[in-house]
Amino acid sequence: MELVLSLAIGVLVASGVWLLLRPRTYQVIVGLALLAHGVNLFIFSMGRLRTGASPILSKEGAVAAGAYADPVPQALVLTAIVISFATTALFLVVLIAARGFTDTDHVDGKESD
Amino acid sequence: MVESNLLLILLILPFAGSVVAATSPANLRNAEVWLSAAVSAVGLGILAALRGHVTEGGVVEKTIRWMPSFGLDFALRVDGFAWIFLVLILGIGLLVVIYARYYLSARDPAPRFYASLLAFMGAMTGLVMSGNLILLLIFWELTSLVSFLLIGYWHQNAQGRDGARMSLIVTGAGGLCLLAGLLVIGHVVGSYDLDTVLASGDRLREDPLYLTALILVMLGAFTKSAQVPFHFWLPHAMAAPTPVSAYLHSATMVKAGVFLLLRFAPVLNGTEAWFWVVGGVGMTTLLLGAFFAFFQHDLKGLLAYSTISHLGLITALAGIGTPEALVAATFHIINHAVFKASLFMAAGIIDHETGTRDMRRLGGLRHAMPYTATLAIVASASMAGIPLLNGFLSKEMFFAETIEAHDNSAFDQAMPWIALVASALAVAYSLRFIVSVFFGPTTTDCPRKPHEPPHWMRFPIEILVAICLLVGILPGATIAPYLRTAVVALLGDATPDYSLALWHGVNAPFVMSVIALVAGCLIYALLARHVAAAPEGPPVIRRLEGQRIFERMLLALSWRWMRALHRLLGTERLQVQLRILVLMAAGAATATFLRDPPTWAPLSLANFDPLFALVWLVGAACAIGAAWQAKYHRFAALVMLGGAGTVTCVTFAWFSAPDLSVTQLLVEIVTTVLLLLGLRWLPKRNQAIRDDVEFRARARRFADLIVAVFCGAGIAMISYTVMSAPLDREIATYFLEHAYSLGGGTNVVNVILVDFRGFDTFGEITVLGIVGLTVFALLRRFRPARESDDIPEQQRIQRDYEVTAEHRRPGETLRDYMFVPSVIMRWMFPATIMIAAYLFLRGHDLPGGGFAAGVALAIGFLLQYLGADARWVEDRLRILPIRWIGFGLLIAAATGLGSWMFGFPFLTAHARYLEVPLVGKVPFATALIFDFGVFTLVVGATVLVLIAIAHQSLRSKRDRPPEEEPDPDLAGPEAEVEEEDGWRGGSA
């Protein structure tokens, strides 16, 4: 499991980085979104992988903390998901605005020569 | 106690007056004058009350603890030395205020002038009253800043702006040096308290950092007091209104530098370095200033260089550094302030009443303005050092000091001669001032017909000249006790016996005075006509202007070198910047691992699940596919991006994170729709771009591929290593054990977000709100590209077909093809609201919560926009997303503030169960209200972004000139449908 997820994170990050370095704004946005997935999974995996141990407590009895997955990275990632959504939206709008303003979708606002 | 509070009032009064002056209406000119005069007069009254406390070394102090951990106290401290400065600042300030009333015209904005003047007065007051080095520096910089405003008061003319900027740059740069110097002193002494520093002279002088501190502090003092080679800003500051020059360059701004010199003289002097640096600069300035002054044609220019010269005299005395010299320096500060202020005012009157300041055009004014002439003559005589006037007394003391042997070096030997020459030049330029303006043939080509000014405009000069005379004739009865107060405060036990008598018999200084007088008259007689005929400035080195060098340097520093550096190192290209960023991040990580290698976990296929591997096989394929296709097949790339997102979502669900899974799924939907909406505005595919085929482009892509693979492999290794290592779950255990008992919720993730770490969440939703508003603002401002205006090709084909086909009417297909989905979407709306409410309410105990619910409701709105045209939706549904954002933030903040009312810190949550009739026990936590704020804000921000993008297609048509309107056949509502993004935008 760990190996598969690590490779998955690697692939997501590699694809994201590759796109981040491309010249078209749309590529950069897709790249950031992929990178965000990779980073979110990375942070999430810092709490280790547990199946069937959702941090939803039962209301009775003492809490056996070991029986649940680590909730802290999950809380962090929940925040990260929302923030990466916000940045994607912002970049999309910057893309649209820049495109209307410069008549090109090159990241520099002009075709490279 | 009372007197220490008086200090506070003394400091606050000018600043308060400044605020009042700045905010009062422009037509209350006289009220502003009264206000400013009252501020100065009250200040003088306070000083009179403090007088008894500062004689014979008394000190009045007021300390307010500010940042004690940094040794920074708000310490005010007035001793006799500061007291005499305060009298100068406020006294001459009062006279300047009166004078300015008549000098400024009704067109000059009075609030700005008096507000700046009062602020400057306050800054100077603070500077001399500071009992802490850092506080002193703050006021020091404040004087630089406010003097910038004052010198540039007439910002409509370029000279004013340049002069102001130059003085700010020079004195501001000096201020930075001073800051460094004071920090060094504070470091050596171990305290920033002025009293402590003044008592640590020996320790400072022995410290290896002494020279550093000395040079740095001196750079501050020299720039402020316009000492060579930093003197050039002062003549350019003459572009200021004359009241400003009279104030800044007689009693205040430039005196701040010598104040600092004298303040620190007892601590820093007594070394060879002090004598050579301070004495040398002072003597040079004295001589050069007097030399330049003689060759000026501008009245104020002459006075400016004369000021430089006199400041050089004071600096030289400080450099000599004996107690007697410091007495003379203090005395000359007072005298110079008095006669120079009156001379500036007189020059202002001449300028005001004749319209010119050029000495070559003026002449014979004694007939037109006899009173002013008399006053100016007396004041210039004081400047020249004629007996019976105050300037004479301190100049004699200066002569006496230069004659004394100090270290018998050549410089020491030359001192009396330099003093003699400078003094003769002072006589010469004073004569030139008087003779060329008031005597000789009566001027004929003045812009205005000269006449006496209003009496009250002359009044300040009368006062000042009276002081010149009184001090000059009866020093013992007038100035002596005050001077003694100042000197005792400065020197303490080292105070020498000195005599202020007018007549000491025929001694060396007197002989020097006589020689200087005669020589000055001779110089004037021989050279006057020649100087008047020559262009302005001293002969030979006329072209060597400090200003020109300064501007060259400024140009080189701020423009040429920076441009060169920018060309060398900078890039405007985002790709290069991002590449550097990525490489730096990768490099930093690699360096860490190389230096401190972790124990790599052995590869193992423990608990390998083929299904999970299969899921990620799809996920990885999607990610790589998206990366590959994003350039030309945007839609395909978007679908694959969605695929990668969905697999991520499945992963969260797989590994016990239902909250993340739900939120990720909802966010994925919104993101996809957003990007779909955005696709409409991107340019058409263009495979002719040269980039793709060139060798360089290929090479670059290959390099990027290596970087990307390296990053991916690196992060995969790191994650595998971490995931295989054991985990310390201390924090997790705390949250798990206390989520229910303290937070009242069983969904630990949600309890962490809205309760334990509520403040983080508060910050995060604020960011979200800001993003929403930014998007809104950006899209209001920008228009889509022109080429996106035309209807898409697919629609055009459809339209052409409908026009020709018999059984179809134009526009029919476009109207109807989304009919079924749009009805379904409309009916889904209530259901979506229910789902959102459900997600929200269960959030505290089960997966869900404010974020998920907010995004879900936003999807509800989104569906309406997808299913129908934006106009149609907005006619029926009024959404005010900005209010949602505002309310959300308000609710969240109010919940947080609510805990204050119960005496708990911000955002302390409270949880309990309420007994509701019929329903039974219902969980209730203040965190739920907070979460409601989160929910509201998320809805608002998300919908705002969607609407802003959706409205792009509305505005793109509306704001174009009419000839670019699309075919009227298609202009009906719902006539336009996007093939690609499935979104109907209406058009006008």
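Cβ atoms are placed via backbone N, Cα and C, with glycine included.
Quick look at what TrEMBL lists:
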- B:67-114: domain 'NADH-Ubiquinone oxidoreductase (complex I) chain 5 N-terminal' (DOMAIN)
- B:80-100: transmembrane segment (TRANSMEM)
- B:130-406: domain 'NADH:quinone oxidoreductase/Mrp antiporter transmembrane' (DOMAIN)
- B:166-189: transmembrane segment (TRANSMEM)
- B:246-267: transmembrane segment (TRANSMEM)
- B:302-320: transmembrane segment (TRANSMEM)
- B:414-440: transmembrane segment (TRANSMEM)
- B:461-483: transmembrane segment (TRANSMEM)
- B:610-628: transmembrane segment (TRANSMEM)
- B:620-684: domain 'MrpA C-terminal/MbhD' (DOMAIN)
- B:661-682: transmembrane segment (TRANSMEM)
- B:700-796: domain 'MrpA C-terminal/MbhE' (DOMAIN)
- B:817-840: transmembrane segment (TRANSMEM)
- B:821-943: domain 'Na+/H+ antiporter MnhB subunit-related protein' (DOMAIN)
- B:846-868: transmembrane segment (TRANSMEM)
- B:880-902: transmembrane segment (TRANSMEM)
- B:922-950: transmembrane segment (TRANSMEM)
- B:955-988: region 'Disordered' (REGION)
| message | Counting CB pairs under 8 Å, which listed stretch among B:80-100, B:414-440, B:610-628, B:846-868 touches the transmembrane segment (B:661-682) the most? | response | B:846-868
| request: Output the single range from B:67-114, B:620-684, B:700-796, B:821-943 maximising the number of Cβ pairs under 8 Å to the domain 'NADH:quinone oxidoreductase/Mrp antiporter transmembrane' (B:130-406). | output: B:67-114
| query | Quick one: do the transmembrane segment (B:922-950) and the transmembrane segment (B:414-440) reach 3+ CB pairs under 8 Å, ignoring pairs fewer than 6 apart in sequence? | reply | no
| message | For a three-state summary based on DSSP, what are the helix, strand and coil counts in the domain 'MrpA C-terminal/MbhE' (B:700-796)? | response | 79 helix, 1 strand, 17 coil
| said: Restricting to CB pairs under 8 Å, which listed stretch, B:414-440, B:461-483, B:610-628, B:817-840, is in contact most with the transmembrane segment (B:80-100)? | reply: B:461-483
| field | Winner by Cβ pairs under 8 Å against the transmembrane segment (B:817-840), considering only B:414-440, B:461-483, B:846-868, B:880-902 | value | B:846-868
| query | Mind checking which residues reach the transmembrane segment (B:610-628)? Cβ under 8 Å, same chain, six or more beyond either end. | reply | 636-638, 640-641, 643-644, 647-648, 650-651, 654
| task | Mind looking up the mean pLDDT for the domain 'MrpA C-terminal/MbhE' (B:700-796) in the predicted model? | result | 84
